[in-house]
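For reference, Swiss-Prot has these:
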| type | residues | note |
| --- | --- | --- |
| BINDING | E114, D115, V116, V117, T118, T119, G120, G121, S122 | 5-phospho-alpha-D-ribose 1-diphosphate binding site |
| BINDING | T118, R146 | orotate binding site |
Amino acid sequence: MEKEEVLEIFSKLGVINKGHFLLTSGKHSDTYLQCAKIFQYPKYSEIFSKELALKFKGHEIDVVIGPAIGGIILAYEVARQVGAKALFAEREEGVMKLRRGFEIKEGENVLVVEDVVTTGGSVKEVINLVNSLKGNVIGVGSIVDRSDGKVNFEVPFKSVVSLYVETYEKEECPLCKEGIPLVKPGSRKF
């Protein structure tokens, strides 16, 4: 799938939002990517998940896991594409855990997925969880990589599209300095 095609779908679905946003990473940005808009349409969920699954073709994958909330539907749909088990990790008292009877068995090959990667914080938490359970993380996949190539997961990282979007620390944010109201659209509680 070409970048222009992805951007056309994003535009059609209203994925790209402009304003002053507090990202899940804690950074500020003038752009927020609301990938949940993709997942409200099974057709587009399947398209993007299939694209991501193809990037890991040839890998033996037993489990696909994503962090709640952004990775839940993506993990399910990618798992469906590759014939694997789908799980999601969620925070309990600030720590990523498997709940609801989910388990990763020792030695299982695990693909970690997330809708958007900026700093990779949530993904790294899931990787640490999988490693603590003696799973074998074979890679990380996302629909959007907005890290500008700065994230290193120490396993292959592949995305459907890379979009560089400027992010700022709170103290350096020009939008804060202009007095533009801050919006927190993400799912993580601070």
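Our numbering is plain: 1 for the first residue shown, then up by one each step along the chain.
Backbone N, Cα and C atoms are what each Cβ position is placed from, and that goes for glycine too.
Features recorded in Swiss-Prot, as mapped to the structure shown.
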residue : record                                              : DSSP class
E114    : 5-phospho-alpha-D-ribose 1-diphosphate binding site : strand
G120    : 5-phospho-alpha-D-ribose 1-diphosphate binding site : coil
R146    : orotate binding site                                : coil
Relative to the mean position of the Cβ atoms of E114, D115, V116, V117, T118, T119, G120, G121, S122, the recorded 5-phospho-alpha-D-ribose 1-diphosphate site, which additional same-chain residues have Cβ within 8 Å?
T24, S25, G70, V123, S142, S147, V151
Cα-Cα, whole number of Å: G120 (5-phospho-alpha-D-ribose 1-diphosphate binding site) versus R146 (orotate binding site)?
10
Going by C-alpha distance, which of the binding-site residues E114, V116, T118, S122 is nearest to R146 (orotate binding site)?
T118
Return the single residue from the binding-site residues list (T118, S122) that has the minimum number of other CB atoms within 10 Å.
T118
Just to confirm: which same-chain residues, 6+ apart in sequence, have a Cβ under 8 Å from the Cβ of V116 (5-phospho-alpha-D-ribose 1-diphosphate binding site)?
L33, C35, G70, S142, I143, V144, R146
So of E114, G120, R146, which of the binding-site residues has the fewest other Cβ atoms within 10 Å around its own Cβ?
G120
